[in-house]
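Below is a structure I'd like to ask you about.
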Amino acid sequence: MSMFCYQCQEAAGGRGCTVKGVCGKTEDIAKTQDLIIYVVKGIAIYSSQVREIGLNTSEADKFIVESLFSTITNANFDAKALNARVQEGLKIRQSLKDAIIKAGGSYNSKENKSWTSKFLSVLGIKNDKDEKEIHDAAAWAANNPEDFKKKAETVGILATENEDIRSLRELLTYGLKGMAAYLEHANNLGYDEDSIHAFMEKALVATLDDTLSADELTALVLECGKYGVDVMALLDKANTSTYGNPEITKVNIGVRNNPGILISGHDLKDMEELLKQTEGTGVDVYTHSEMLPANYYPAFKKYKHFVGNYGNAWWKQNEEFEAFNGPILMTTNCIVTPKASYKDRMYTTGVTGFEGVKHINASKDGKKDFSEIIEHAKRCSSPKEIEKGEIIGGFAHNQVLALAPQVVDAVKTGAIKRFFVMAGCDGRMKSRNYYTDFAKALPKDTVILTAGCAKYKYNKLDLGDINGIPRVLDAGQCNDSYSLAVIALKLKEVFELEDINELPISYNIAWYEQKAVIVLLALLHLGVKNIHLGPTLPAFLSPNVAKILVENFGIGTISSVDKDIKMFMN
């Protein structure tokens, strides 16, 4: 069976990648990632039961989160690392099974009826005759890459034959992947929430349950949105408690003459460690793409060698990494297949990886030694200037709510007629230029609220301000879409409205990968309707599942700039 992947917006032909991923992943990588998801589901079968009888699940929790994150689009292309993850997962699964037995429980209901009946029901075990047959995800075993390869042939997306059930299972899985990404960042800062792990396990096991109806899976998808809000709130708390609340900041986009390190991705803990370790070395630090919002946090402003932001969204990295001249640290997705001209200057860390690229692991205490990349930087030329000037950002919920009287007054007087939430992702497709044209064409009495790398389509345009309020308010990274929700809920309260949809806010969101999926599900949970997704609707939505989203939530897509602006403004 050939590979099949349709988890990102650029899925080939709007249907799915079957030969090689548009992202660059090979068939082997794609299938190994399928197997990792299968292993994680098997672990969830046991860890949910270990959790139920009160035993420690921290090792399994960490593995599930990191494994889901490692399969996000453009995160990890290292076959050796991915196969090692499969091997580690099988060991963790066995340790959970052993823990159940040691505690006097059983994974077989014949030995212990008291707490395994629920366990068996979610596995699709329908009668006593089948009770000895634990789901294959919890039972299969292998110990080498060749056996993994054979197993991977049988567990891909298309193993679920019913199109609608498959669609709902994948929608749920992609929501979990986005959730895992945000939870991993919070965990790195010492913040966690057991209920989120418990839901992830429940949802993973549910994707194996052939007895669940489409309605039951739909309910789980919507519940996923509830935990999406929870995980974004947790990460917001982790980030702001550790580094302070983002504040209005002018960010330099030019360069200096010192050698530099370019840090990309989302992990602020890595950002902190790099800034600490480069201080006093003569090496400057620049952010790239989704790391731009690090410039908004007070804790990072004390570092004089933190210069600003270099470049644009992730998909332009081939040219921009080449021009940077110094080493690049990828803390998370998005990785584009590196050019030979800079591959030896590229480093990965965390769940990311690319074959032939140096990887920096954390020690047992979670610390990372960046000395190698720092010494590498010292041997490199300073970055080539590709832009100059400044951009402004830092409009997360705390900062915007501090401006609430000014914003509310502008709305009441009619100076601001409408807000447009244009959060989300950027990508390669030329059709995404729609978002630049849309921003340019918006009436002058409108304000864009953004988060995520979608901002790069318009954050360098001169769109002016309204009574001193910039017409583009950048809250931060994609997870900071949470800030936009907090702002909307506060405005609902201020204007004493019954329904969040009564606010003069329209949602025109550009999506790309699985973190955008959890953001969407979170917005749906909060009751937001009439969200428009583009540049295309997800390939993983079957016609019937898409119909559910359209009929119940008013989900739509984009058409032309003029038609859409007219529709939104009316």
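Glycine too: its Cβ is placed from the backbone N, Cα and C atoms.
Annotations per Swiss-Prot:
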BINDING   C5, C8, C17, C23  [4Fe-4S] cluster binding site
BINDING   H266, E290, C334, C425, C453, C478, E513, K515  hybrid [4Fe-2O-2S] cluster binding site
MOD_RES   C425  cysteine persulfide
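If you look at the structure here, what lies around each of the features I listed?
Packing around C8 ([4Fe-4S] cluster binding site) is summarised by its Cβ count: 26 other Cβ atoms lie within 10 angstroms of its Cβ, all protein chains included. C8 ([4Fe-4S] cluster binding site) falls outside any helix or strand according to DSSP and counts as coil.
Look at H266 (hybrid [4Fe-2O-2S] cluster binding site): DSSP puts it in coil.
Following the DSSP three-state reduction, the secondary structure of C425 (hybrid [4Fe-2O-2S] cluster binding site) is coil. Taking Cβ-Cβ distances under 8 Å and a sequence gap of 6 or more within the same chain, the neighbours of C425 (hybrid [4Fe-2O-2S] cluster binding site) are Q9, G452, C453, A454, C478, A510, W511, Y512, E513, K515, A516.
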Applying a 10 Å Cβ distance cut-off over all chains shown, what neighbour count does C17 ([4Fe-4S] cluster binding site) have?
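If we count other Cβ atoms within 10 Å of C17 ([4Fe-4S] cluster binding site), we arrive at 23.
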Let me know how many other Cβ atoms fall within 10 Å of the Cβ of C23 ([4Fe-4S] cluster binding site).
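Within a 10 Å radius of the Cβ of C23 ([4Fe-4S] cluster binding site) lie 23 other Cβ atoms.
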What does DSSP say about C17 ([4Fe-4S] cluster binding site): helix, strand or coil?
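In three-state terms, C17 ([4Fe-4S] cluster binding site) counts as strand.
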Out of the binding-site residues H266, E290, C334, give me the one sitting nearest to C23 ([4Fe-4S] cluster binding site) by CA distance.
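With Cα distances computed to C23 ([4Fe-4S] cluster binding site), the winner among H266, E290, C334 is C334.
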By the count of other Cβ atoms within 10 Å, pick out the sparsest of the binding-site residues H266, K515.
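Among the binding-site residues H266, K515, the sparsest Cβ neighbourhood within 10 Å belongs to H266.
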My understanding is the cutoff is Cβ-Cβ under 8 Å with a sequence separation of 6 or more in the same chain; which residues meet that for C5 ([4Fe-4S] cluster binding site)?
A11, G16, C17, G21, K25, A30, I157
Counting every protein chain present, what is the number of Cβ atoms, excluding its own, within 10 Å of the Cβ of C334 (hybrid [4Fe-2O-2S] cluster binding site)?
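So the number of other Cβ atoms within 10 Å of C334 (hybrid [4Fe-2O-2S] cluster binding site) is 27.
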